[in-house]
Amino acid sequence: MKFVLLFGVLLVTLFSHSSAEMLDDFDQADEDELLSLIEKEEARAEECTPRFYDCSHDRHSCCRSELFKDVCTCFYPEGGDNEVCTCQQPKHLKYMEKAADKAKKFGGKIKKWFG
């Protein structure tokens, strides 16, 4: 048991040391590059396709919801030969977002009770 504890402490120490070295290696050029990428991401976010709108022109242009990006889903309507593509949120991601919202609200209540 003592060996496991000693090994765990050693592992945590090495991990924190490597994390500190990685932070030291993050120089000004990397910061400028990161800022330019963030600016491009913000600019791209303004041009996204809202949910339930046509995304056939660019299938990767769907907007993000609170946690996940919507997906361009294509289908053929009944009795039609034309393919229709719209930005939609898959059901499993929708349920995950609802669960995350409920967990946030519950966490806030716990904070009020004990905080």
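Placed from the backbone N, Cα and C atoms, the Cβ positions cover glycine too.
Between CYS74 and the candidates CYS62, CYS63, CYS85, Swiss-Prot records the disulphide bond with CYS85. Among CYS48, CYS72, the one Swiss-Prot lists as the disulfide partner of CYS63 is CYS48. The list of residues near the signal peptide (1-20) in space but at least 6 beyond its ends in sequence, with Cβ under 8 angstroms from a Cβ of it, is empty. Checking the disulfide-bonded residues (CYS48, CYS62, CYS85, CYS87) against CYS72 (disulfide bond) with a 10 Å Cα-Cα cut-off leaves CYS62, CYS85, CYS87. A 10 Å cutoff on Cβ-Cβ distances gives CYS48 (disulfide bond) a total of 18 other Cβ atoms nearby, all chains included.
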